[in-house]
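Q: The following block contains the structure, expressed as structure tokens.
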Amino acid sequence: MPRNRPALLAAALAAGLMALAPTLADARVGGGSSSGSRGSRTQSAPAPTQTAPSAAQPMQRTQQPSNPSVGSTAPAAAGAAAAARPSASRGFMGGLMGGLLGAGLIGVLFGAGLMGGLGGFASILGLLFQVALVVGVIWLVMRLFRGRRQQPAYAAAGVGDGATGYARQAQMPMSGSAGPATVATMPFNPTPADFQAFEQLLKGVNAAWSARDMASLNRLATPEMVGYFNDDYAALDARGWRNETRDLTFDQGDLSEAWNEGGRDYASVAMKFSMVDVTRRVADNAVVEGDPNRRTTATEIWTFVRPRGAAWQLSAIQQAA
């Protein structure tokens, strides 16, 4: 059995690589999946358009973490913890009242009240008076004690209101800074030159993908997207395949949304295009998927990003649902 262990490990590794490899229909650029980042809008679907009227598939591969609102859960958790703890004021005051009432009853039984004691009916009246007096004192002390304890809670509520106001302000276009769970964004209107650049990027990325031109891919796409391209190359290599797309034609497209955040312009564009998409086996150049004489059509949402004054780059590809 130990002699066969290396062979078994090799077979298991090969099976794992085959499982991670793209399916036959998903060998084109982007792996036929939704990958990349759209800044603060990564976890939200692009707005539907005439070209892609259905909601886009959510990101399956992204380096952009989800950003839940931490501030909304912390006060609730703190309140639940405080409610679960026994009240110190109730414990102290309850013990004090119990002790005083106990002392009064013992005084009646032994003929001495809390204030020296009386006998017979006078003892009962004295006890009632003592109880009323003790209850009044305890009520007054507890009110004062609770009032002092509630002051920090009101201060915390004031901070929360300020944080909420800050978050609303951070969403305004002219906000100078943003809270931890929000990012300031501004509308952005691409120019005709921008749309021409988007079309050229669509063609350039596909051409570089087919040629495995890493220098061009590094220039045309973000490092995150280049990393996904490398993963897809490795998955194809594990099967001994290569994919090529050629004769790409841009058929139709329209803007889904465009915005600016953090000094970067973003534009998500629904793009419908046709091309020859063929996957071949490297060993003998045999076609394993696609038809070299037939065009295929795809509709995807491509998101582009650029720092101010720089060139556009591909930052995400999402499949139209």
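Cβ atoms here come from the backbone N, Cα and C positions, even for glycine.
Feature table excerpt (TrEMBL):
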type	residues	note
REGION	28-74	region 'Disordered'
COMPBIAS	35-58	compositional bias 'Low complexity'
COMPBIAS	59-72	compositional bias 'Polar residues'
TRANSMEM	96-115	transmembrane segment
TRANSMEM	121-142	transmembrane segment
DOMAIN	176-319	domain 'Tim44-like'
Q: Do you know the mean pLDDT across the domain 'Tim44-like' (176-319)?
A: 94
Q: Other than its close neighbours in sequence, what residues sit by the compositional bias 'Low complexity' (35-58), given a CB gap under 8 Å and a spacing of at least six beyond its ends?
A: 64, 66-67, 182-183, 185, 222, 224-225, 228, 252-257, 259, 261-262, 264, 266, 268, 270-272, 299-301, 303, 305, 314-321
Q: In the region 'Disordered' (28-74), how many residues does DSSP call helix, how many strand, and how many coil?
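A: Summed over the region 'Disordered' (28-74), the classes give 9 helix, 6 strand, 32 coil.
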Q: In the domain 'Tim44-like' (176-319), how many residues does DSSP call helix, how many strand, and how many coil?
A: 44 helix, 64 strand, 36 coil
